[in-house]
Amino acid sequence: MKRISILGVTGSIGTQTLDVLRFHKEDFELVGITANRNIELTLDIIKEFSPKYVAINHEESYKKLVDLVKSEGLKCEVIYGMEGLVKVATLDEIDIVVTSVVGMIGLKPTVEAIRKGKDIALANKETLVVAGELVMREAKENGVKILPVDSEHSAIFQSLQGNAHNKIDKILLTASGGPFRGFTIEDLKSVTPERALKHPKWNMGQKISIDSSTLMNKGLEVIEAHWLFDCSYKDIEVVVHPQSIIHSMVQYTDGAVIAQLGVPDMKLPIQYALNYPNREGNISEKLDLFKIRELTFEKPDLDTFKCLKLAYEAGEKGKLMPTILNGANEVCVELFLNKKITYLQIPEIIEECMNTFDYNKEVTLDNVINLDKEVRQYIYEKYN
């Protein structure tokens, strides 16, 4: 039996991970969880799965949960803040950590978990975006497996099994194209948060839905793929595939292309990461190719969806430039959702930050965290 912690248990990936655990009750024990504000759902999860440790990162919610746990006689330790996240990620009794929190908050607990020798089922792509050099070095030094949960990176990981890494010609990273595929810049001027949140294929949280609409999500995945699979940026090609059936592909030097196909359901890559290297039965729908009938492919429009282009630029410049890109994007998405900036201002402000801040510093935990704070403060003061 594998013992696990889930960081971000009430989010989209977290709740789907719970679905996998319900289906494989004999294979996993949930030891620790973290959440932010959704205390009602957190309480339900505590009652169902009986985790020993629960970390809450929102102060009022933490106090509320402490009272509820006590009044209902539940046996778990409730911990507050970043200290709590790190504790849940580094528990002696766990084997693997599912990092499904959104944004920079996942960095410190993930790094500390790696230093404790815990395998990582990685759904928090920002961790590799801002500190890929540090994370992969720590993973290697501590003998830790980084198992991708993003459907695209899971597909690449699966397509690499049994093949020599030095025989890769390029990685083909698929993208649905988002809700605005085929739009012009003029069309995007009137985009509202409500429209941007309606993804055609995937049911996701707010932040990743906006990122998918701007193609920043794909840009972050390009940087993530660079670190996970040790490929140069020129060998990572984004392919728009509206059906979202092929989750990504690897082309080898002999011309062969190996792909992983499946219905668009995050439970598939979650289960693969948790069960690796084994394959087990799944609650997800099976792929029926006769229903699909056709698969189509397009090149991404980098002029209209500039975020993807900016991500490539940030990745190629390296050092702390991806930290600037990521921090600026997180704040811009928040301001857009709150209707403080327009949709087209998102790439404009990100590019402004990339041209404003010094990125040529060593990638350390402190440098990443400090620069991220500076970038966020700059945008809040100027645009909020």
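For all residues, glycine too, the Cβ spot is worked out from N, Cα and C.
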(request) Pick the one from Gly182, Gly205, Gly219, Gly255 that Swiss-Prot also lists for the NADPH site with Thr10, Gly11, Ser12, Ile13, Arg37, Asn38, Asn124, Glu126. (result) Gly205
(message) Quick check: of Ser100, Ser176, Ser190, Ser232, which does Swiss-Prot put in the same 1-deoxy-D-xylulose 5-phosphate site as Lys125, Ser151, Glu152, His199, Ser212, Asn217, Lys218, Glu221?
(response) Ser176
(request) Determine the Cβ neighbour count for Asn217 (1-deoxy-D-xylulose 5-phosphate binding site): the number of other Cβ atoms within 10 Å of its Cβ. (result) 28
(request) For Thr10 (NADPH binding site), just count the other CB atoms lying within 10 A of its CB, please. (result) 21
(request) Could you check the binding-site residues Ser12, Asn124 and say which one's CB has the fewest neighbouring CB atoms inside 10 Å? (result) Ser12
(message) Quick check: of the binding-site residues listed here (Lys125, His199, Asn217, Glu221), which one has the Cα closest to that of Thr10 (NADPH binding site)?
(response) Lys125
(request) Would you please pick out, from the binding-site residues Arg37, Lys125, His199, the one with the fewest other Cβ atoms within 10 Å of its Cβ? (result) Arg37
(request) Determine the C-alpha span of the NADPH site listed in the record, that is the greatest distance between any two of Thr10, Gly11, Ser12, Ile13, Arg37, Asn38, Asn124, Glu126, Gly205, in Å to the nearest whole number. (result) 22
